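Here the structure is laid out as structure tokens; the discussion comes afterwards.
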Amino acid sequence: MKNEKLAKGEMNLNALFIGDKAENGQLYKDLLIDLVDEHLGWRQNYMPQDMPVISSQERTSESYEKTVNHMKDVLNEISSRMRTHSVPWHTAGRYWGHMNSETLMPSLLAYNFAMLWNGNNVAYESSPATSQMEEEVGHEFAHLMSYKNGWGHIVADGSLANLEGLWYARNIKSLPFAMKEVKPELVAGKSDWELLNMPTKEIMDLLESAEDEIDEIKAHSARSGKHLQAIGKWLVPQTKHYSWLKAADIIGIGLDQVIPVPVDHNYRMDINELEKIVRGLAEEQIPVLGVVGVVGSTEEGAVDSIDKIIALRDELMKDGIYYYVHVDAAYGGYGRAIFLDEDNNFIPYEDLQDVHEEYGVFKEKKEHISREVYDAYKAIELAESVTIDPHKMGYIPYSAGGIVIQDIRMRDVISYFATYVFEKGADIPALLGAYILEGSKAGATAASVWAAHHVLPLNVAGYGKLIGASIEGSHHFYNFLNDLTFKVGDKEIEVHTLTHPDFNMVDYVFKEKGNDDLVAMNKLNHDVYDYASYVKGNIYNNEFITSHTDFAIPDYGNSPLKFVNSLGFSDEEWNRAGKVTVLRAAVMTPYMNDKEEFDVYAPKIQAALQEKLEQIYDVK
């Protein structure tokens, strides 16, 4: 059957989800039944001369029927538990919490279908179909990042992808010392400081030239346990995901090597502070292993200025200083699709609004994306590696993380070959297991991601439209909150937003007018969370659901102080409380970009919040 390409603007997102009220439920069932029937037929048609091992007589036996009934009872219990205790994040406009939402129907169907084969993508021989799909997905990741010779693969989640990124950086940074030991002519004339500040491309070029001695050089690298502290500091923004600390622990460089970089009042890495740290370390002859920039921070959705991190590196190279750059775009990575045309070209900023209008990316023609965010996304192509999670803004079921590398040759620095699953030098169509951290991995995940990418291309015509819906929905929610006040008994409760969203996350607080006690405000917001989550009972009957987080001094320093001051709290009060508690909405719903639809839900949300505040203040 021919796969017809849709014309510009024809992609209808409403056809790709089961739907808030299961509007496409019958379509999902029909497609699933067709796929299951195909699998059953595939089983039946293999070696038709073989007789069935489960006989008709067996299927009518008493023990068989009892076993089937027992299985049904277990499944009924699972159904009861799932329906009773699950979070209804499929809802169009009532869930405003974690990074979860509707999942794409083609991804669900592909996962349902492929899991019947139970492929293990660690080895091609156990999963020929899905291993090839994963290899294609990896190249699609690379194209999304504008990597010309890149490579990528699926991992279980962003934490493992971050660990793998640090693994790459650690091993690459240590290679010059290994070359000095094994083949010193490769780095002749370089001081130890110069060896510690060699650009990644130069290192990979030298490694490639070593030919037959590559394995010996690798054996003398950081994988041997040598040079782990000597290779330098790992710099992360204060908005870092906690997985970076775990990665430093596991990878062996240690937590003492991790330095948090302050963020500005927009919760983006402060580039001036970054430069101070790097130059200060250089004065003490301490190298920087690498710098992490975040695109879509976990708690604010902030987009670090990747372009400025790269520009600073370029400037520092004049002084003989170099660092590896990893972009943690676990949340925001798929957002790059909104900037790519159908030929994978990065759209000029001055043309962006017109192109978005042409493809129906946004309902309203205006500046939805700032120049700062645009420049940050464009510069991702200059970073060595990127974390990207399909199970976040890819709208793909868990678990599906991903990592992408700029230069396919980099994968050799972490490769291991086990003869029983992959033979070194063998001509295997899709060799994954030798170049990844994980062992066994679900082929169904690869099929799920592959299906999503082929229904929704990774450009403005496909995922760009889905990402745009999310961004526009977040702007509606942000504007709605900014206009909110509540009369609760004799109290007036104001709503204040943290920052205008860089991407699609909205953080906000409730504040009692006239209150100058930050601890009391924090308690109010925690109480709102309790009433808007599983904490206070059956979440299925909750009319508004959200999440929360704390911005505390040990993690954020004084970055939240400007926001805290804007609420009327003094510096002394900030120091006394030590944190500010905010409510957090990752606005992933694909339905709230339509202002008319949002306006249907807005009074419902307001009424639900009014009720929760009255419960908190015990207003009868």
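Cβ atoms here come from the backbone N, Cα and C positions, even for glycine.
What Swiss-Prot records for this protein:
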type	residues	note
BINDING	G158, S159, T298, D389, P390, H391, S440	pyridoxal 5'-phosphate binding site
MOD_RES	K392	N6-(pyridoxal phosphate)lysine
ACT_SITE	Y420	active site, proton donor
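The structure, with features from Swiss-Prot marked on it.
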residue: G158; record: pyridoxal 5'-phosphate binding site; Cβ neighbours (10 Å): 26
residue: S159; record: pyridoxal 5'-phosphate binding site; Cβ neighbours (10 Å): 19
residue: T298; record: pyridoxal 5'-phosphate binding site; Cβ neighbours (10 Å): 22
residue: D389; record: pyridoxal 5'-phosphate binding site; Cβ neighbours (10 Å): 29
residue: P390; record: pyridoxal 5'-phosphate binding site; Cβ neighbours (10 Å): 27
residue: H391; record: pyridoxal 5'-phosphate binding site; Cβ neighbours (10 Å): 25
residue: K392; record: N6-(pyridoxal phosphate)lysine; Cβ neighbours (10 Å): 26
residue: S440; record: pyridoxal 5'-phosphate binding site; Cβ neighbours (10 Å): 11
For this session: Looking only at C-alpha atoms, tell me how far K392 (N6-(pyridoxal phosphate)lysine) is from S440 (pyridoxal 5'-phosphate binding site), rounded to the nearest Å.
Result: 22
Seminar exercise, completed: S159 (pyridoxal 5'-phosphate binding site) falls, by three-state DSSP, under helix
